[in-house]
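The structure under discussion appears below in the form of C-alpha cells.
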C-alpha cells in the first residue's frame, strides 16, 4: 500500500516537473535550446529502444545518432536526416556484418518521431508544439477516464487494459480541443484543424499501442526508469512521436497545397 502511494506521489511530482520544464522551454522559444534539450531526450529514448529491439549498442550507432541530430539543426528538412541516418546504418550493417539487421530499427522508432518533433517546432513554431501537446494529452486523458467510466469492449490484445469506448472518447475529446488550438494561422480554419486533430489523435493511439507491443514482446513493464512514477522516455512520448510525424506531414502538405494554389492563381 505504501509502495503504491509513493509511486502515485512520484508520478504526480514528475508530471508537474515535466509540465513546468516544457512550459519554460516553449516560452523561451529558442531553436538551439529546443534542439539541445530534445537531443538529450532523444539519446535516452534511443538507448531505451536498443533494449526494446534487443540491439547491442555499438560505437557506430551512437556516432550516426549524434551526427544525424547535428545535421538536423542545420538542415531545412530534419525528417530527411532521420531517414538518411537509417540508410547509413543499413550500409554499415551490410559492410561490416557486425550488427544484426535489427540495428536499423531504433533509427526508425523512435528516431523518425523525434526528428519530426523537432521539424514541427523548426518549421511551424512553438504554437504547433502546443497544438500537438493538447491533442495528445487530451487523447490520453479522455481514453483513461472514458475507459474507467464507460469502457466495456476490449480495444486490442496488445494492450488489454484499454477499451474501445475509452479510445473513441479520447479521440473525440482530442479532436474538439485540438481544433480550437490549431485553427487560424496553422491550419486556416476550424474544419481543417478538426480533421488534423482527429488524424493526430488517431495516430497517437497507435503510437501508444506500438510501444505496448514492443514491451510485451520483450517482457518488460516500462521502457526505462528515468522518470519516477512514469517509467522511461518512450513510455511518456510514444503517442507524441507518432502524433508529431502526423502533424508535420499534414502541415507540410497543407503548406505545399497553399503555395500551389497561389501559383496557379497567379
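Placed from the backbone N, Cα and C atoms, the Cβ positions cover glycine too.
Just so you know, TrEMBL annotations never went through curation; they're auto-generated.
Owing to the predicted nature of the structure, the values given are computational and were not obtained by experimental measurement.
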Quiz item: Under TrEMBL, which of the candidate ranges 103-121, 217-235 is annotated transmembrane segment?
Solution: 103-121
Quiz prompt | Highest-contact recorded stretch vs the transmembrane segment (59-76), from 12-28, 103-121, 127-151, 163-183, 189-210, CB pairs under 8 Å | solution = 103-121
Quiz prompt | Of 12-28, 103-121, 163-183, 189-210, whichever stretch has the most CB pairs under 8 A to the transmembrane segment (127-151) | solution = 163-183
Self-check item: Residues of the parent chain within Cβ reach of the transmembrane segment (189-210), under 8 Å, 6 or more residues beyond its termini
Solution: 109, 113, 131-132, 135-136, 138-140, 143, 156, 158-159, 162, 167, 170-171, 174-183, 238-243, 245-247, 250-251, 254
